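**Q** Starting off with a structure, shown below.
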Amino acid sequence: MSYDFNEAKECLVNSYNFLEPVISYGNGVYLYDTNNNKYLDFTSGIGVNSLGYNHKTWIESTTNQMKTLQHSSNIFLNNTTVKLAKKLTKISEMSKVFLANSGAEANEGAIKLARKYSYDKYGKGRSTILSLVQSFHGRTITTLKATGQDKFHQYFFPFTEGFNYINANDLDDFKAKLTSDVCAIMLEAIQGEGGVLPLNKEFVQSLVEICNEKDILVIFDEVQCGIGRTGKMFGYNNFDINADIVTVAKGLGAGLPIGGVLCSKKVENVFNPGDHGSTFGGNPVACAGALVVLDTLCTEKSFDEISKKGAYVKDLLTKSNNHQILEVRGMGLMIGIKTKCSPSLVQKEALKNGLLVLTAGKDTVRLLPPLIISNDELKYGIDILLNVLNSINQ
Ligand SMILES: Cc1ncc(COP(=O)(O)O)c(C=O)c1O
């Protein structure tokens with residue numbers, strides 16, 4: 001049974017701008033629609049399918065787990081979840097992890113953790129979280145408020161209190177808003193949804209130094225730019241600093257829902273039984289897949305390859321001197337192309353030509369290809385994109 005586009009939309013809430021093809025299956029770095037049209041995927045399901053589609057080891061690992069233990073609740077421990085927690089904390093150089101199911105859920109956990117840390121140590125009234133203008137942290141009532149974009153602060157009042165926003169890369173703005181009620185700051189090393197906007201290293205280093213002095217917790221939201229995407233384990237590893245709390249999701253799941261709140265030593269014992277929880281969090285099948293992600297993508301060799309592939313794409317784009325390209329930004333395989341023409345138009349035209357890309361912010365085409373993609377596949381996709389850009393008269 002296969003559905004056409006309009007039929008497919010009928011019983012789904014109208015909360016997404018669905019694109020036309022109904023996807024049928026995926027293989028490698030390609031997706032196929034119900035008419036068997038083939039698309040090179042530069043979206044990875046918005047940063048999720050880091051291993052592409054139908055990855056042999058990932059399928060084996062999740063299938064074996066599926067046949068053994070599908071779920072056991074968090075009242076009991078199970079070997080696979082513990083194995084992931086051990087490996088993830090080791091690679092991340094963090095102390096402990098709380099496992100959840102999504103990016104927003106991970107960020108909710110991080111916010112609760114930061115507020116409880118401050119409450120335990122300083123009492124009431126020190127609970128404000130700073131975040132950055134143009135950030136994106138999720139779709140729950142609290143993570144929407146943590147998101148520094150006014151367009152997300154409509155309709156759903158009242159939002160959670162205790163958030164304030166600073167301009168990215170503006171240390172003076174940070175200092176001005178660092179009032180005595182602040183307990184933490186939440187940042188993306190590269191703002192993804194906001195427009196593929198990387199933070200600058202000096203800003204981050206100075207900010208972290210001040211935070212450490214004042215016992216303000218530094219939370220990095222690595223939901224989109226973490227797990228190897230930028231050519232390092234985490235986007236913030238590009239800045240030579242340490243974080244107190246790190247959130248992960250998307251790419252760790254590679255196709256199954258997972259999220260995590262990684263805790264440094266400082267915050268590892270803040271939660272006590274009953275303070276936080278999640279029925280599905282740390283599901284063993286998702287953890288079995290995540291273990292393959294860590295083994296395959298989170299090694300120095302793989303980070304190096306991802307960095308080189310990213311540099312290759314940037315080189316192809318900048319050397320093309322394409323008249324529609326105003327700027328190429330990003331790190332590793334998280335790349336933003338600021339275009340003269342509308343990024344949504346580029347996305348639609350690319351799709352017609354067998355290439356899937358994302359947009360970000362108002363003026364940016366966003367590329368998040370699977371991290372296992374080859375240089376030939378990258379070249380093939382960039383050629384399509386450049387031809388599409390050339391064909392647009394805007
Ligand atoms: C940086 C960042 N944080 C949080 C989220 C929310 O993640 P999820 O959709 O899994 O809740 C996203 C999703 O795009 C994201 O990019």
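Cβ from N, Cα, C; glycine included.
Unlike curated records, TrEMBL annotations are generated automatically.
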**Q** Using only what TrEMBL says about pyridoxal 5'-phosphate binding by GLY103, ALA104, ASP221, GLU222, VAL223, GLN224, THR279, identify which of PHE136, PHE152, PHE174 is listed for that site too.
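**A** Checking PHE136, PHE152, PHE174 against TrEMBL: the pyridoxal 5'-phosphate site match is PHE136.
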**Q** Spatially speaking, which of the recorded positions GLY103, ASP221, GLU222, LYS250 is closest to SER278 (N(2)-acetyl-L-ornithine binding site)? Use C-alpha to C-alpha, please.
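**A** The smallest Cα gap between SER278 (N(2)-acetyl-L-ornithine binding site) and any of the recorded positions is with GLY103.
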**Q** If you count Cβ atoms within 10 Å of the Cβ of VAL223 (pyridoxal 5'-phosphate binding site), leaving out that atom itself, what do you get?
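**A** For VAL223 (pyridoxal 5'-phosphate binding site), the 10 Å Cβ neighbour count is 27.
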**Q** Based on a Cβ-to-ligand 1 distance below 6 Å, what subset of the binding-site residues ALA104, GLU222, SER278 would you report?
**A** ALA104
**Q** What number of additional C-beta atoms lies within 10 angstroms of the C-beta atom of THR279 (pyridoxal 5'-phosphate binding site)?
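**A** The Cβ of THR279 (pyridoxal 5'-phosphate binding site) has 9 Cβ neighbours within 10 Å.
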